[in-house]
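Trainee: Below is the structure I would like to discuss, written out as structure tokens.
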Amino acid sequence: MVVADRISRPSHRPLDRDRQRVAPATRPDDAACAGLGGCDPQLLGAQCRGQARHDPRAPQYPGPDAAPDRLVSRPVRRILWNPARAYGARREDREPRRVRCLAGDAGATGRRHRVARGGGLRGVVCRLSHHTRNRRVGAGGAGPDPCCNAPLDRGRDIDHDAGQSSGLDRPAPGLEARHRDAERAIVGARCRCARHLSGAPAMRPDQTRLDRLSLTWRDPPGLWGFLTTVDHKRIAARYIVTALLLMFLAGMLALDMRWQLSTPENVRMGPQLYNESFSLHGSTMLFLVSVPVMEAMAFWLVPLMLGQRNMAFPRLGAFSYWLYLGGVLTLWISHALDITPDLGWFEYPPLSGPAYAPGHRADIWAQMITFTEVAALAASVNVAATILKMRPPGMTLARMPVFLWAMLVASIMTILSMPAIMLVTSMLIADRLVSTHFFSPAGGGDVLLFQHLFWFFGHPEVYIIFVPATGFVSAIVETFSRRPLFGHSVIVLAILSIGALAFGLWVHHMFAVGLPRLGNNFYTAASMAIALPAGLQIFCWIATIWSGRPWLATPMLWVIGFVTTFVIGGLSGVMTASAALDLQLTDSYFIVAHFHYVLVGGAMFPLFGAFCYWYPKATGRMMSERWGRIAFALIVGGFNLGFFPMHLLGLLGMPRRVYTYPAGMGWEGLNQVATLGSVIAVAGGLVFVANALVCYWRGAPSGADPWGGSTLEWAGEAPAPSWNLAYTPMVDSLTPMWNGGAPLRVADGVAIERREVLITSVTDADPLYRQKSASPSIWPLLSALAVSVMFIASIFTPWAIVVGAVPIGAALTGWFWPQRPRRNCG
């Protein structure tokens, strides 16, 4: 029963003056409340129409700023207030009055209502805290009305909207389940930057549900859990840690090479050691760092952005990491054993053929490629399937964030391009082991076939690395500009265009081999055309920043560094797209500078920004803003100081891949400047890593959403638990967390006592069915070990492929062997 009543206030006091907390509400001893039978009065929200007065006292009128859809003008503190009115009218005697009897228990007037379509998904009510209130005092200070919209206007018919009052805490769902007023209304985290709300998780389920989810999704303890986990976050963390360690080692190799070139006629390194160093540096950065670290970010973020609890194929994700680790160990153990590949990161024949490369250095490089590309294929299939078939209800293709589009396009590009490099390395191994003649002109082969197949993969790989970076930049720009992304559809179309055009550019790496002029003209046009969608993206990001209210936190600084360096790399790329100019610049240090400006400036800088941006979500702590800015200045400044002079070195004629040079060429000063810049950049990288490690243990707590993000990964706790989100969210916009104060609806029905995920349709994300998610298993590790042994043994004998198929088949049999479902107890 709802009883209309008013709270008295002295008429000579302004309505917006400071308030005094009322005494606890009690029921007066009069006949009017005798029939309520011990019901506690609950004051309904103040966002309502005028209500009937109960006594001939001074009326209380709504304030001028009490519009239900107004913006919050000052920061709001998350404090649990009493359910009744927090402040009474101010009195001269400073004694609070008691609230008279207002209402009994509300009846169940709502209609039955389903939130989701299909799959038995329905909405329920979640226990949530009271709404926050303005912490200001004085004019515009804390008042009786909450800061968000009241679901029910009390002056209208109650059956018009049976939602819960915004001034009351939400009751448990058990008493009102399946009624409209029991529809789950989890308060979405609005844009903190725009509305000044403090960070807190948008989803706060009851503890019983969390305990059951923890029991279902937890990994076994100890070493067994480490080896058998299929948690996408733990797998992604291993990818990232491994890639960062390899990046450090490759950076040390680069610094060693720069030290060698800082002075002419330097004999500190011989030609063999220098060849091994740049071969190991290039192979590590391109095959073991750049692509895997982007896949790791997809592994970590995609399920969170989709509101899912794991990837589509959890065991395949674990298998991909173990196989990737096998490739890492193969390459770097060979370096420790002094059999490092020494023909560059491309291994062109005939230099890599059996006649010119005896031993097993070229075989190790080829099998390392096979390791990493099989792992990349497994990871890409997993990411693409997750994005296409596991989006939350309502997240149509048109409502997908740019980050998900970028990861989807990069995954499809990987699936289409990786088989080419796997084929060409297998052909090279066959030439070396069983004397085939794929690349031997004496036997009817063609050495240019290797280059065509290699660069058909090699140039798309540049965009496989760059396209995910555009997703990072889009997410960061949207959040720190405090407005939705300008030209969302344009950016998505630009990403799709880049993904398509990337497969038509590979021949511009081969302008110097003597191809027909007509073909060169075609690839020149295609190479210049790809600058158009890249430029559109940059203009959209600039427009978003220009029309928003930019917040120059550390992640945003990395975006600015990305734009400046990538524009320089893009302009130099358009220059080398001309076949005539490319003939003059190819194999010079101009190409080295262009290549690093595109890959480091275009991919690594956004990666550092993404690391700073999502670090609070992964750890629950903030990175130091001061040390983050210092690391940014050192890395960006050192990078430009180190690589911009290489443009001039290339124009002055310095060739690449030389271990020393004669004096008097005019290259000494520029090489010394480049070496100094490399030292500064490495120092900045060490500061960045130290900042991350120190803040992991001693950083300030971040809260659930310190940045006010717009996408679903910010809806849950930080750090994310093993089950990610307790409920499956429902999406109705591009920025579901910036919904203007409207509740974030969620769909129920996915089991919590067993591992399940929701499968939806490809285009409209309609719920189709619930699918069992794989549990922790040792078989992905055993399968990766079996495949690794076969690959390594095939370096020495082709019979390893036949013999190695037996343990691989046994491991796969154990992987897919049906298991009896286990029931959780407890």
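In case you wondered, yes, glycine gets a Cβ from its N, Cα and C as well.
No curator has checked TrEMBL annotations; they are predicted automatically.
Annotations per TrEMBL:
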type     : residues : note
DOMAIN   : 223-732  : domain 'Cytochrome oxidase subunit I profile'
REGION   : 1-31     : region 'Disordered'
REGION   : 50-70    : region 'Disordered'
REGION   : 158-177  : region 'Disordered'
TRANSMEM : 285-306  : transmembrane segment
TRANSMEM : 318-337  : transmembrane segment
TRANSMEM : 364-390  : transmembrane segment
TRANSMEM : 402-429  : transmembrane segment
TRANSMEM : 449-473  : transmembrane segment
TRANSMEM : 485-507  : transmembrane segment
TRANSMEM : 522-544  : transmembrane segment
TRANSMEM : 556-575  : transmembrane segment
TRANSMEM : 627-653  : transmembrane segment
TRANSMEM : 673-697  : transmembrane segment
TRANSMEM : 777-793  : transmembrane segment
TRANSMEM : 799-817  : transmembrane segment
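Looking at the shown structure, can you explain where the listed features end up?
Mentor: When Cβ-Cβ distances below 8 Å are used as the criterion, the transmembrane segment (318-337) is approached by residues 229-230, 235, 238-239, 242, 246, 249, 276, 280, 283-284, 287-288, 292, 295, 361, 364-365, 367-368, 370-372, 374-376, 378-379, 382, 777, 780-781, 783-785, 787-788, 791-792 of the same chain, each at least six residues removed from its ends.
For the transmembrane segment (364-390), the residues of the chain that approach it from at least six positions outside its boundaries are 279, 283, 287-288, 291-292, 295, 298-299, 302-303, 306, 308, 311-313, 316-317, 319-321, 323-324, 326-327, 330-331, 334, 339-341, 343, 347, 352, 400, 404, 407-408, 410-412, 414-415, 418-419, 421-422, 425-426, 428-429, 757-760, 762, 787-788, 791-792, 794-795, judged by C-beta separation under 8 angstroms.
Sequence-distant contacts of the transmembrane segment (402-429) (same chain, six or more residues past either end, CB-CB distance under 8 Å): 291, 294, 298, 301-302, 305-306, 347, 349, 352, 362-363, 366-367, 369-370, 373-374, 376-377, 379-381, 383-384, 387-388, 436, 438-439, 449-450, 453-454, 456-458, 460-461, 463-464, 467-472, 474-475, 485, 488, 491-492, 495-496, 498-499, 502-503, 711, 794-795.
Here the transmembrane segment (449-473) has Cβ contacts under 8 Å with residues 286, 290-291, 294, 297-298, 346, 348-349, 401-407, 409-410, 413-414, 416-418, 420-421, 423-424, 427-428, 438-439, 491, 495, 498-499, 502-503, 505-510, 513, 537, 541, 559, 562, 598-599, 602-603, 605-607, 609-610, 613 of the same chain, all six or more residues outside its ends.
Residues 398, 400, 402, 405-406, 409-410, 412-413, 416-417, 452, 455-456, 458-460, 462-463, 466-467, 470, 474, 477-478, 515, 519-520, 523, 526-527, 529-530, 532-534, 536-537, 539-541, 543-544, 547, 734 of the same chain, all 6+ positions outside the transmembrane segment (485-507), place their C-beta atoms under 8 angstroms from a C-beta of that stretch.
Listed by sequence, the residues of this chain that lie at least six past the ends of the transmembrane segment (627-653) yet keep a Cβ under 8 A from its Cβ atoms are 258, 554, 557-558, 561, 565, 568, 572, 585, 588-594, 596-597, 600-601, 605, 608, 612, 665-667, 670-671, 673-685, 687-688, 690-691.
Sequence-remote contacts of a segment are chain residues at least 6 beyond its ends whose Cβ falls under 8 Å from one of its Cβ atoms, and for the transmembrane segment (777-793) they are 227-228, 230, 315-316, 318-319, 322-323, 325-326, 330, 367, 370-371, 374, 800-801, 803-805, 807-808, 810-812, 814-815.
Sequence-distant contacts of the transmembrane segment (799-817) (same chain, at least 6 residues past either end, Cβ-Cβ under 8 Å): 315, 777, 779-780, 782-783, 785-787, 789-790, 793.
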Trainee: Return the stretch with the most CB pairs under 8 A relative to the transmembrane segment (556-575), choosing among 285-306, 522-544, 673-697.
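Mentor: Selected stretch: 522-544, with the most Cβ pairs under 8 Å.
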Trainee: Sort out the residues at least 6 away from either end of the transmembrane segment (522-544), same chain, that have Cβ-Cβ distances under 8 Å to it, and list them.
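Mentor: Cβ under 8 Å, 6 or more out: 470, 473-474, 477-478, 481, 483, 485-487, 490-491, 493-495, 497-498, 501-502, 504-508, 511, 559, 563, 566-567, 570, 573-574, 577-579.
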Trainee: Need one number: mean pLDDT over the domain 'Cytochrome oxidase subunit I profile' (223-732).
Mentor: 93
